[in-house]
């Protein structure tokens, strides 16, 4: 247990300041006591230690249980959480002056030492802005301070040796921590604020003081204010049509509403009335100054202001070069030119001055971040972007169950709108349960139930109209045919006449082993149903019936008993004409996997009841995955789901099941997952399954609770920054409009990936709640993972759900992103957003610029090497044994390269999330000597950029050079040796695969049988998967090295740090970047008595 020393037990003022009235000092001016660790809320000083998380990750917060196998939520009492806001909602921080005024008032901060002790102090900026002081202290007053001019940099997060070595570092919130590097010895003062916004105030204010000094503050603020005032003034003048220098209250409210549509009219009007009341003004007309003041108060987003000043080297706006750096380093845009920055400014900057001068103001920056360009969903995935030439069985297919129903399964109405909705949403498999109807017209409804009926012909007309509106890829009609031969003839006529040659009629190719691809079947409709035997010569024949309705009816009649009811299959007569319409999706019964592997044809399709499919997934996870590599499997809901509730599709996607039929009429978590999943690949209804689930020889178990062999896990870093315009829950009853929101982040995927975390609750603020909380998740199978953001109300009556957004992991764009919230039924909530920062890294110690394909270093002392399993087949084992050395070499190359990046990042003062471009940008301001000449330059003439000293270097920069050279050396070693190791691994894989076809016979000859034989075959598959995976990891590591070198090259040019002065056409950034500055610090000079903190 870490020991905390609490000296000031008073509560800070609303601004994060407010001097404590009664410090709890004992004789020596300190009171040593243990302070309990809170659940991570960042409020003012309280009995809990705000700004510090529990060691095991916010365990003090009760967990929601939406991620459980049956998809339901356990009903249990949820403990209320308490959150203290350190900033009043009526005060907006939107300038450096606001920050500095708050610092002069002072704040309670916690001082962190490397000996795992945390000391509570009251910090304030002297009124003359020359020094930073803290109290109480045993030091003399002139020593308990830091001169502003001695500060070298201000570093955010836990990015100093003190934080990294501290025993309670894991309990400290990254968002509340910051460090002041000062003095000639580069000592660090490591602090934890009560909240992230208080930390932002201190970081922003100090950076401005050390960069510009107090005398430029008025000028800094005037630039920003002038741009906003001129823009708003022009809008006001346009509204002032009579030239009276005032407009009506209604006009002013509407004008602000037009500029910020999410703000409520009543809030704007109330602000004007409050302003008039303070000024003792009579009448309701609004002047230009009042209009600007209320806009500033209502529409300014402090979190975006703090972000802007991080990247601004031009005071309180971004110029084209600042914007270039933001777009490249944070948003991940490639090849950003100054022209692109100008285009962004012209598109989003509202002020004429900003457009003319190439400046992006706070309002323009807000417009950009709120635009579609900063949506979290990757725009590349809005169109078909996956390989559509794989066999049909290699894709997940968007599927609907009993599409005609729009309510429950037993008494609900049937309607053609069910088909329209499903097809418009990209559904590629719909169901038609067809029965005899009056007047020789077949009907669609669920047999043995009281559901209403619709005419078969009408449904076929609708399908003809909407089949390919959302997607050009094949549509599967699942025909459950219960009609007499007479009405089957009518069915055939309607299908032939209405759908015509769009129905796929070519017989399956007997020489092929797999189904055709979606591309081969574009514009085609496939009928899934029963088919007569090939030797049937008559016009009809007998087949077994498919009747899901009978199964449900038996369940209903058995009083809901959970006991398995076996529905005896019935035979019925099938017309040959209808039979011949079924080509690639012949319905057959499933017996067991061994029988299927031996006898099933690739064009035959089995339907699995949800309960039976779950049993297969549990008892035979590997067989189920292998079965689905070649055959289509359809899973339909349990007959117990009378209410049309939905199963969790992830439970069956992880087994490779392609057609998981969902009740589209029932909203909720499960449909959110289905809709979110198929939003990728252009919402075309087909999503390519992970490679490990498609390759003929690969090992994957659906129930794995560990990393997947041969697949690179990723680390997902998410910071929930803020929310905008949350509505109250629809079913909240008598509750008022005020909500107490909090956010859940859920990870859905294989069992090893399922996780959830939540933010604190922000009380009574749905308009612009600030969360500022960071989370980290390990994703072991990225290709099958989904992320769901859920906003809930902590103080609800009847309904807690505010909104959600679900997105496949592979579709997430890193950087600062806005997430549009959706309602329970999937509609976009007007103007309701989450603002987040996302980073995806390949390991805990290192970031990466893009998001796919790199390995994760295990957090164990010894290095882990991939090993081969023994098959007990001598010839095969000898081949796999030869892989040991190249696998070890490949692992060493990767790990050495990735490990060498870590100390360089740490010396640059950045976290694991940073990429190398950000490291160089952070380092650049401190690479200049006293006369502004560079101390270090990059030699870009060689393939491997060298870092060359231009004179004597201080000790801190020598450490940087050493770490940089080690990083470049390991990158070079990997590039020069990876090809040979890669080829040797592939050679072993190729040699082993020569045994594949005869493996079973070889095992029998070695005397293996039964369980040992099966284990030997499984081990062979495992070894091949490992070899493929390790080869891929090495290939991706090589790509990472090339990306690293490219980033160093571009960053050196951008910062004008290349030898010979070469730079980009847009010019250099010789000014440096004070807001991102970061340099290595020396170890903190410990005082004589480390426990006697002053």
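Note: Cβ is positioned from N, Cα and C throughout, glycine not excepted.
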Which range of 1-44, 45-88 is region 'Disordered', per TrEMBL: 1-44
Overall pLDDT of the domain 'C2' (694-823), taken as the mean: 90
Secondary structure content, the domain 'C2' (694-823) (per DSSP, counts of residues): 6 helix, 58 strand, 66 coil
Secondary structure tally of the domain 'PH' (101-211) (DSSP, helix then strand then coil): 35 helix, 43 strand, 33 coil
